[in-house]
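Comments concern the structure below.
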């Protein structure tokens with residue numbers, strides 16, 4: 001037997017899936033239950049009461065001869081006697097052939113005694129025989145039972161015997177067909193998941209909050225409709241607020257409804273506040289809906305299965321109706337039976353009555369009526385299935401009624417399930433659509449973000465950068481917290497990997513903000529916020545993957561001074577530079593481009609007349625076309641790094657105002673063109689580091705005003721005397737070459753303050769080096785130096801001395817006379833420092849800083 005718990009679990013299935021059962025499925029389920037009851041009722045009655053009763057059919061000739069009898073006495077005699085005082089007893093003696101039979105209700109003794117009682121008179125006996133009636137059959141009780149059983153199987157039609165069982169089988173097939181899509185392994189998991197998600201979405205507090213604007217809008221419209229046109233000016237609400245917000249308007253600042261003071265609207269505080277637990281649950285629902293949609297939308301198995309089972313039920317209905325209608329008239333009360341057992345009973349034909357015929361016929365008619373109704377519903381279901389495209393579902397109505405205009409249309413099984421839910425209640429789809437909207441998800445993220453990132457927490461993340469400015473760096477957030485714009489003393493704001501960043505009008509209160517970083521962050525701004533940024537922003541860093549990610553408002557910041565662009569600016573196989581015009585940036589002074597350009601974009605030349613610094617980091621892509629440089633007449637600093645340049649571009653020689661040139665990390669082998677730098681009267685800094693330069697031409701002496709020369713990480717083997725004729729040279733960097741000797745002419749560089757020759761093959765330091773008394777930095781590490789002359793004490797302004805990586809045995813004690821040198825500025829092996837005299841170590845370990853003259 002089934003336990004109560006097992007039966008209860010079966011009953012739980014119906015409430016779970018009720019939202020996916022339209023009215024016709026529910027109606028057909030009830031019809032199936034009624035048909036099942038009809039089958040059980042008919043089967044029960046047939047098992048308990050179904051039988052036939054048969055009597056033999058006598059020939060007319062036999063019946064006519066049977067009246068007088070052949071044995072000289074009555075065939076059917078009834079004798080009534082009275083015994084005792086008023087006591088009556090009846091006895092009926094029926095004679096079959098020659099053997100008398102006594103009815104069971106009469107005792108055998110009485111029947112026997114009364115058999116031999118003499119009649120009182122012959123007239124009475126004749127009268128009794130005349131009044132009695134009967135049919136001579138010559139059959140006993142067992143023979144009747146035998147005939148009834150024989151005729152039940154021979155004379156009774158098969159449909160009368162098996163009708164209840166057929167109804168039961170048909171009904172079970174229909175029930176299985178109706179619920180097969182709920183149990184099929186490849187569909188039940190999707191259905192269970194969908195029902196679970198749908199229920200959570202329906203009950204989620206976020207759904208109520210997201211739809212609250214629509215509810216307020218509806219109530220507002222109703223109130224306006226009731227109060228009349230005179231109340232319209234009191235409310236600021238337009239139909240444009242109902243649609244999708246513009247791209248330039250952040251979602252967090254949209255307020256389409258303002259209520260008057262004299263007629264306050266009813267507010268629902270429960271939907272204005274979303275606690276952290278509800279917010280996390282809603283975010284999990286968004287992720288579940290996204291994954292479920294990706295899993296279900298790619299197939300239409302559920303739709304096909306439902307169509308298939310509906311077709312099966314329709315075919316089953318037609319089949320049942322066709323063959324059942326033919327058997328209605330076969331269920332009859334009277335039947336003729338020819339058992340062909342005449343040798344046993346002496347009769348060939350019997351008339352039989354089927355006692356259940358009337359009831360079975362009524363039940364069959366009822367069953368046919370139910371089947372007809374069931375069939376009409378199946379036909380209606382097929383009409384509904386093919387009347388509209390159920391594999392497509394549009395949220396157009398929901399988009400019109402709510403503020404979420406981005407709810408996407410769905411297809412295949414996802415669409416079919418939503419169509420089925422609409423038959424139960426369209427409110428489910430409306431609330432479910434909230435979790436398909438990116439706008440809704442972004443709103444949720446903003447609310448959760450503002451709960452997490454409070455003003456106090458943001459204040460803890462503010463730090464001081466190298467320029468001693470207050471800086472806040474936000475990384476991988478879902479949006480920009482509102483509390484950020486309350487940090488009014490912030491100087492630098494960095495937004496990195498925030499795809500839904502929105503800058504509201506509140507940024508106008510950040511009066512100290514002058515630098516903004518947008519790293520993979522295509523921020524949207526309000527009109528008021530843009531006006532503030534246009535007037536106050538001075539430095540902007542934009543890092544992107546594709547040029548389309550650069551916000552359009554960047555090109556309209558007329559007061560921008562510095563612009564840093566890092567990303568791919570080439571498109572369509574380098575045939576077109578996808579960069580908007582920079583012509584509106586009238587005050588732009590510094591342009592830093594880190595990309596993969598093959599030519600300088602023409603749009604950059606739009607701001608060429610007023611650019612003072614241009615930096616191009618090309619990430620190894622060869623920069624071919626450089627003619628545009630000639631237009632940048634005011635450029636004072638030019639950096640062309642990692643551009644695969646093999647020679648110094650001739651276009652550079654036209655930049656008369658150039659002061660600093662950096663050609664780092666190229667493929668320059670020779671710098672013979674350096675003679676043309678004599679036209680660049682203002683050139684003071686030349687950086688040719690990280691190239692493949694083998695020698696320095698003597699024409700370098702023509703750069704009279706050169707103050708800094710960087711030639712590190714090249715292939716130099718010697719330093720020509722021409723270098724030391726640059727009397728204004730203050731910084732010389734020839735580190736990491738193959739130089740074996742420092743020429744004595746170095747002593748002529750009286751203004752030299754920084755000398756770097758680390759990573760070469762120097763073994764002896766010339767005494768003339770220590771005539772450069774203005775040296776502050778001397779880097780001699782990773783060479784072959786064996787000793788340091790005592791004349792190092794002449795370098796009174798020395799603050800940094802690098803000797804690590806040489807072959808030194810000791811350090812000169814005269815290091816103590818270098819007044820500005822401290823241990824932190826002395827880079828040597830520990831054992832060399834420990835070998836110094838104690839008084840020298842005490843001097844080097846002093847923490848007090850002595851003022852010194854400023855250098856570069």
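Even glycines carry a Cβ here, placed using N, Cα and C.
Bear in mind that TrEMBL entries carry predicted annotations, made automatically and left uncurated.
If you look up TrEMBL, you'll see 77-88 marked as compositional bias 'Low complexity'.
The compositional bias 'Polar residues' annotation in TrEMBL covers 92-101 (among others).
Look at TrEMBL and you will find 110-122 (among others) tagged as compositional bias 'Polar residues'.
For 123-134, the entry in TrEMBL reads compositional bias 'Basic and acidic residues'.
The annotation domain 'LRRC8 pannexin-like TM region' is assigned in TrEMBL to 1-382.
The domain 'Disease resistance R13L4/SHOC-2-like LRR' annotation in TrEMBL covers 678-757. Averaged over the domain 'Disease resistance R13L4/SHOC-2-like LRR' (678-757), the predicted model has a pLDDT of 92.
Per TrEMBL, region 'Disordered' is recorded for 65-134.
Residues of the same chain lying 6 or more positions beyond the ends of the transmembrane segment (27-47) and with a Cβ under 8 Å from any Cβ of it are 21, 161, 163-165, 167-168, 170-172, 174-175, 178, 313, 356, 359-360, 363, 366-367, 370-371, 373-374, 377-378. Look at TrEMBL and you will find 27-47 (among others) tagged as transmembrane segment.
The transmembrane segment feature in TrEMBL is assigned to 162-182 (among others).
A Cβ distance under 8 Å defines the sequence-distant neighbours of the transmembrane segment (364-386), meaning residues of its chain 6+ beyond its ends; these are 24-25, 27-28, 31-32, 34-35, 38, 163, 167, 174, 306-307, 310-311, 313-314, 317-318, 320-321, 324-325, 327-328, 331. Annotation source TrEMBL lists transmembrane segment at 364-386 (among others).
For the domain 'Disease resistance R13L4/SHOC-2-like LRR' (678-757), DSSP puts the residue distribution at 17 helix, 12 strand, 51 coil.
Counting same-chain residues at least six beyond the ends of the transmembrane segment (162-182), those with a Cβ under 8 angstroms from any Cβ of the stretch are 13, 17, 20, 25, 28-29, 32, 35-36, 38-40, 42-43, 46, 188, 191, 302, 305-306, 309, 312-313, 316, 320, 327, 331, 360, 363-364, 367, 374.
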